[in-house]
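For reference, the structure is listed below as structure tokens.
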Amino acid sequence: MEIHAHVIKFGLSQDPKIRNYLVNLYSKCQLFGYARKLLDRSTEPDLVSWSALISGYSQNGFCQEAVLAFYEMHLLGIKCNEFAFPSVLKACTVTKDLVLGKQVHGIVVVTGFDSDEFVANSLVILYAKCRGFGDARRLFDAIPDRSVVSWNALFSCYVHSDMHGEAVSLFHDMVLSGIRPNEFSLSSMINVCTGLEDSVQGRKIHGYLIKLGYDSDPFSANALVDMYAKVGILEDASSVFDEIAKPDIVSWNAIIAGCVLHEYHHRALELLREMSKSGMCPNVFTLSSALKACAGMALRELGRQMHSSLIKMDMGSDSFLGVGLIDMYSKCKSMDDARLVFKLMPERDMIAWNAVISGHSQNEEDEEAASLFPLMHTEGIGFNQTTLSTVLKSIAALQANYMCRQIHALSLKSGFEFDNYVVNSLVDTYGKCGHVEDATRVFEESPIVDLVLFTSLVTTYAQDGQGEEALRLYLEMQDRGIKPDSFVCSSLLNACASLSAYEQGKQVHVHILKFGFMSDIFAGNSLVNMYAKCGSIEDASCAFSRIPVRGIVSWSAMIGGLAQHGYGKEALQLFKQMLKDGVPPNHITLVSVLCACNHAGLVAEAKHYFNSMKILYGIEPMQEHYACMIDLLGRAGKLEAAMELVNKMPFQANAMVWGALLGAARIHKNIDLGEQAAEMLLVLEPEKSGTHVLLANIYASVGMWDKVARVRRLMKDGKVKKEPGMSWLEVKDKVYTFIVGDRSHSRSTEIYAKLDELSDLLKKAGYAPMVEIDLHDVERSEKEQLLYHHSEKLAVAFGLIATPPGAPIRVKKNLRICFDCHTVLKFISKIVSREIIIRDTNRFHHFRDGSCSCGDYW
């Protein structure tokens, strides 16, 4: 401006050349008022001045002003040149105004500048940035002499639009055409390799950089660090980083973010310290990565220190870092701090709301997560698929079906009904709320059905006990050509486990081997669980031994399997091995340990583990642990000790505990205890028929038939129906269902003939029907007939005629096996020389050669 004063003083202000320089100066310095005054005072404003003004507007982001200046220039009759066109086309690109851009393109063609490389490059970028890639490519191909700048123009558009395949193809075309790539081409290509996670191609580009002498270029070096870090080759990222003479903030951020991305949190924090020592100040991106590292390692105190530093650096109100703080505190299980950060944020956008809702959901504070969503809606904050999916996760945990329907309706209104994340979450939530039909309908109405959606519905069917539907859906998935992953295989194995479908479980095992999922811990754990629940503890043990890295779920599944099969001592031995291997137990493991003691009658060992839970493992006993101990003491006849433990519980006993006491009362024919337990159960679970049946059995066992009749009247008056005994047997990939007295089977005649045949053999072997356990008010002969037709006997009879001689017969039952069936199956296993495996609600019974694995202790 001083110089400008001298220009005026010496009378040179009307010199066109000096005026153009001044317009250019003021435009570049964003003093557009001065630039316009010079233009307006000019008697003959020329193209150079207008070009300088338009260029200044465009370069400084004043795109609308650039366009208006272009209009004004055009109206004055001043023709545009190869310097003005790129500036106005850039303004059209930034504003995404393709209509105006096409009009300018028309002027370019008319004035003959379409063959100019700089103008053509600007047109290519305009069309590409406005998603007109076909037009952009045609314009690019029409440029007569393309320099590396032209190639870079289209190349950068492909990279920014994540069209990585097209970018790679264009790079190869450029090299084949003899154009030598420059540092910009190569750094852009490195970004492509990062997007594709293609380290092989990335190494080739690294070789190009070294060969062409660009390896010292800071942009290329930073791109290399970022690429190697993001694809997980942190050694190479560190090597490139160490070779940078003066790493800038971008270099530090790339290496630190890469460490955090691949969960090398400790290394990320070490690098942050090195950065501080070097005198480089962190920016919001550095600090965001540091907060993620604190979150990943649950370092709440270090996170607090960083929070304090942010406040001192006057960055505490930054919304980006605010979200990072919410995430850090949430993952450190400090939701009070997370909510305080959220509350103090000056502007809470959708990302901040999503972060705090997600924090509550992750910490199992599902009511808080669900209640925040209406508040978010009330404040006029929008929502996205992340919001809906997170809220649905909490709704699933709460099993709040009415809320699920509301979110479903909202997703329909807001256009998210076909979003994959939302659809998957809806299927999962409806399934967990027990509304399988709604989950199926959402699945069927989805236009895009992918692997994740199939997995969600397969899991829903498996959790609901609809194993056959889960397996049918898997076959449909295969018919559609969708390749399974380890998660869907795990869900299928759970479905087979719920059905005790051993053969079908083995087929899924074959698929796991075929697709290479044996090293996957989820698939391995599910195999252990499936084989254990299908009655083959040997196969379960084999699957367990092949899991490469056993976590707590693996150990718990195997210990629980051994416990259910009555191998109590083996289960405890495995538990000791787990502790030796340095794996701490969780509350589920300890439930399995107590169950193992229970099924084997190991009272002293159970007391030891129960009393040391808090001291040795830091786990407070829960209802499940008390129920196991009370059941164990009750079975062992220590009824007073069992009641004493109930009275000492730090919380009210639930149905599980009173059920254990009722079972103990039945075994030991204790009327008073049975009546007390039944009274509590009728309050807690009035709809369950099992309470009435067990109480009636207790009365019947001591001949109190008047009280048996009274219980039956109570059931009739209360409209409580006895749950029918059902058994399932798998033969040749099909699961057959049997109900007491059932004659609906296609081979019913053969089944009952087999039972008659066995009846004669049983009598010869010394079996006498235990008619006293049948509560029907009928003659003895009819009671004998009813006992003979229990569902598990029908299933075993069918197994004997439908499976190969010598093959084990595996039956699943929905109720506890009765004394009579238990006695009969011991006899049958010896008569026919077959192993019979029964899985009832309590445990497994392996009948071999006239005896049972439970040792008649169940």
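Including glycine, each Cβ sits where the backbone N, Cα and C put it.
According to TrEMBL, the feature repeat 'PPR' maps to 46-80 (among others). For the repeat 'PPR' (46-80), the number of residues in each DSSP class (helix H, G, I; strand E, B; coil) is 26 helix, 0 strand, 9 coil.
If you look at the repeat 'PPR' (147-181), the same-chain residues 6 or more away from its ends with a CB under 8 A from one of its CBs are 117, 120-121, 124-125, 128-129, 131, 133, 136-137, 140, 188-189, 191-192, 195-196, 201, 208, 212. Among the features that TrEMBL reports, repeat 'PPR' is placed at 147-181 (among others).
Mapped onto DSSP helix, strand and coil, the repeat 'PPR' (248-282) counts 26 helix, 0 strand, 9 coil. TrEMBL lists 248-282 (among others) with the feature repeat 'PPR'.
Mapped onto DSSP classes, the repeat 'PPR' (349-383) shows 26 helix, 0 strand, 9 coil. Annotation source TrEMBL lists repeat 'PPR' at 349-383 (among others).
Look at TrEMBL and you will find 450-484 (among others) tagged as repeat 'PPR'. On the 0 to 100 pLDDT scale, the repeat 'PPR' (450-484) averages 88 in the predicted structure.
Annotated repeat 'PPR' per TrEMBL: 551-585 (among others), in sequence order. Beyond the ends of the repeat 'PPR' (551-585), by six or more residues, the same chain brings 521, 524-525, 528-529, 531-533, 535, 537, 540-541, 544, 591-593, 595-602, 605, 617, 619, 843-846, 853-855 to within a C-beta distance below 8 angstroms of the stretch.
The domain 'DYW' feature in TrEMBL is assigned to 766-858. Sorting the domain 'DYW' (766-858) by DSSP state (H, G, I as helix; E, B as strand; all else coil) yields 37 helix, 16 strand, 40 coil.
Non-local neighbours of the repeat 'PPR' (450-484) in the same chain are 420, 423-424, 427-428, 430-432, 434, 436, 439-440, 443, 491-492, 494-496, 498-499, 501, 504, 511, 515, 735; each lies 6+ residues outside the stretch with a CB under 8 Å from one of its CB atoms. The helix, strand and coil residue counts that DSSP assigns across the repeat 'PPR' (551-585) are 26 helix, 0 strand, 9 coil. Outside the repeat 'PPR' (248-282), and at least 6 residues removed from its termini, the chain residues within Cβ reach (under 8 Å) are 218, 221-222, 225-226, 228-230, 232, 234, 237-238, 241, 289-290, 292-294, 296-297, 302. Only residues 6 or more beyond the boundaries of the repeat 'PPR' (46-80), in the same chain, are considered here, and those with a CB under 8 A from a CB of the stretch are 16, 19-20, 23-24, 26-28, 30, 32, 35-36, 38-39, 87-88, 90-92, 94-95, 97, 100, 104, 107, 111, 113.
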